[in-house]
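Trainee: Handing you this structure, nothing more for now.
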Amino acid sequence: MTDSESPTPKKSIPARFPKWLRQKLPLGRVFAQTDNTIKNKGLPTVCEEASCPNRTHCWSRHTATYLALGDACTRRCGFCDIDFTRNPLPPDPEEGAKIAESAKALGLKHIVITMVSRDDLEDGGASALVHIIETLHTELPTATIEVLASDFEGNIAALHHLLDAHIAIYNHNVETVERLTPFVRHKATYRRSLMMLENAAKYLPNLMTKSGIMVGLGEQESEVKQTLKDLADHGVKIVTIGQYLRPSRRHIPVKSYVSPETFDYYRSVGESLGLFIYAGPFVRSSFNADSVFEAMRQRETSTSSLLPNKD
């Protein structure tokens, strides 16, 4: 469990990489096929742009998370490896068609799209994102779509425009506990993120709402528990919890490696609050997103079947 109080990045990374963070890389034919399919379309993925440690695992399962609205972000968060720019390119009007072709080639039934923050656009990129989603609905009408969106700088109209596009899961990450947010996230606030999540839950009560946090940044156990309570109180249904891993020496250092037992503990805390928790050292927002979606759908179906008839 984590016990550091200071968020300042002055301490070095813990000396030893624990055994639970060592994994075999399942490279093979399927990985190569996924790699070729994505690169042939010239599509950025968060798997590559953010240096995700799960890329080989996911691509070996014919799954990937598409990065929409470019490969450079207008924010420079201390944990993220995506390139920063003050002058990003305009949204690509053909991006939806490219993602659809790639998703068809991979045989995706659950499509996950994340986005860079586009503070240069009036609606934060919501309209461009909706255009992509509408294209996917046309080209892959049976596929479900999960979107990991930015906070749109608190623009509720932009959020509602996105939610009206008929997505299966709305995901927006708080990323860390409230105390550490100013040191971890650029131009974002913990309370604004909670506000966006709560608004989504109230706007579409049947929508699956999702958020995620990283641990190992210097948070207290009590702060993680409070964050889970905050998410539950603001209408979130699914929460992912994973170990923060430093992409490079210019990023925020790791303060601690959280044990599998602690992840199990956080899972039990979240479940006691009614949350669906997916927690573990390698868990990321979109890691095994298709399986999480199916498990959540089965849980909701099971719960609804236990409810009394209204007649």
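We count from 1, first residue shown onward.
Glycine too: its Cβ is placed from the backbone N, Cα and C atoms.
The shown structure was predicted, so the numbers you read here are calculated from the model rather than taken from an experiment.
From Swiss-Prot, here are the annotated features:
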BINDING   Cys47, Cys52, Cys58, Ser286  [4Fe-4S] cluster 1 binding site
DOMAIN    59-276  domain 'Radical SAM core'
BINDING   Cys73, Cys77, Cys80  [4Fe-4S] cluster 2 binding site
Trainee: Return the residues near Cys73 ([4Fe-4S] cluster 2 binding site), defined as same-chain residues 6+ apart in sequence whose C-beta is under 8 angstroms from its C-beta, sorted by sequence, else 'none'.
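Mentor: The list for Cys73 ([4Fe-4S] cluster 2 binding site) reads Cys80, Ile82, Asp83, Phe84, Thr85, Pro88, Val116, Ser117, given in order along the sequence.
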Trainee: Fewest other CB within 10 angstroms, which one of the binding-site residues Cys77, Cys80?
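Mentor: Ranked by other Cβ atoms within 10 Å, the binding-site residues Cys77, Cys80 bottom out at Cys77.
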Trainee: About how far apart, in whole Å, are the alpha carbons (Cα) of Cys77 ([4Fe-4S] cluster 2 binding site) and Ser286 ([4Fe-4S] cluster 1 binding site)?
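Mentor: A Cα-Cα distance of 19 Å.
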Trainee: Do you know the mean pLDDT across the domain 'Radical SAM core' (59-276)?
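Mentor: Averaging the confidence scores along the domain 'Radical SAM core' (59-276) gives 95.
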Trainee: Does DSSP put Ser286 ([4Fe-4S] cluster 1 binding site) in a helix, in a strand, or in coil?
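Mentor: Assignment for Ser286 ([4Fe-4S] cluster 1 binding site) reads coil.
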